[in-house]
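All remarks here apply to the structure that follows.
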């Protein structure tokens, strides 16, 4: 009882409910999970940093269209599948024609007269399926060892020889062409075209600009290089239509020709944020809350092969740095320029307004208007001086009326 009285006699004692505390703990965990989920959804890319498009086609029922363009289908296959198709194409044709050669020899009875020197077979020294298979390989690949040869007493063999020669040439041209195109594809050339890991927003010539950097690691240049940029963002029209992943052009110099690049050293690509820009009303605070993706595309011809090459990359919202600028990578050495790629992705902070480009333009317009109305015009001063002199002259000459003189005195 003493313990109970001592316990209950404590003034201002507060008690916490274990159920409510556990509920609050669970609610915090739920909030963290929701934030993590939103963060994951925000980081869902349309185009990966290495240029791969993060899009998968499902429920494609018209698969016959892939067979109508079988050449492109084989070129687009992965290397291990392409090699498997390459080997199977030759192996199946060799086995198919080897089986036919063996069947002709079996039907003619050549296999029953192997020891008969007076018998003229269709193919000399063909004594089974293995030898027929080897003869098929020699015929299609035009090796011609000379041990197994066709005779002139077998018209069906002559026709089959012609068919195999023609079909073998077609298979050879098709498969070698596929492998040649696949080997010479400039996809790996795009691996040496690099984009900066971040895009930046800062001022250039008192104008807010979105910038990113591109560079070429090889000494062989990209001919007729051009750069494009797209803003990928969901949109809802005035009629209520929802457009997911809507694409909007970002002007990086198309009108002025600045999108045509001489990519010898790394270049900083700039997009001026003006009234035609999709970032016209975007401030730093709104940028942190927004969800979009910037896709940049670099195209050009490989100087060594003359084939068209395309490199792609993208920037999410958290990869756009407000108030930053790229470090310099170019330095003048003894007789040449050196590019330091250690600082290619590095940026540094610069003083940048936190407001949008529209607010900056409106503030500049208000400042200009204030200066215009606060400073008197020199022309008005000259007009006033001329009027005073004219009135004074009239008064001296006595030509001024009494009413006008009184008005001047007032």
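Using N, Cα and C of the backbone, Cβ positions are placed for all residues, glycine too.
Predicted automatically and left uncurated, TrEMBL annotations should be read as such.
Here TrEMBL flags 1-23 as region 'Disordered'. Annotation comment: TrEMBL describes 14-23 as compositional bias 'Polar residues'. According to TrEMBL, the domain 'Potassium channel inwardly rectifying transmembrane' annotation covers 47-186. Residues or ranges marked as transmembrane segment in TrEMBL: 83-104, 158-181. Annotated domain 'Inward rectifier potassium channel C-terminal' per TrEMBL: 193-363, in sequence order.
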For the domain 'Potassium channel inwardly rectifying transmembrane' (47-186), DSSP counts of helix, strand and coil?
86 helix, 4 strand, 50 coil
What same-chain residues lie close to the transmembrane segment (158-181): Cβ under 8 Å, and 6 or more beyond its ends?
71, 74-75, 82, 85-86, 89-90, 93, 97, 100-101, 104, 136, 139-141, 150, 152
Within the predicted model, mean pLDDT of the domain 'Inward rectifier potassium channel C-terminal' (193-363):
92
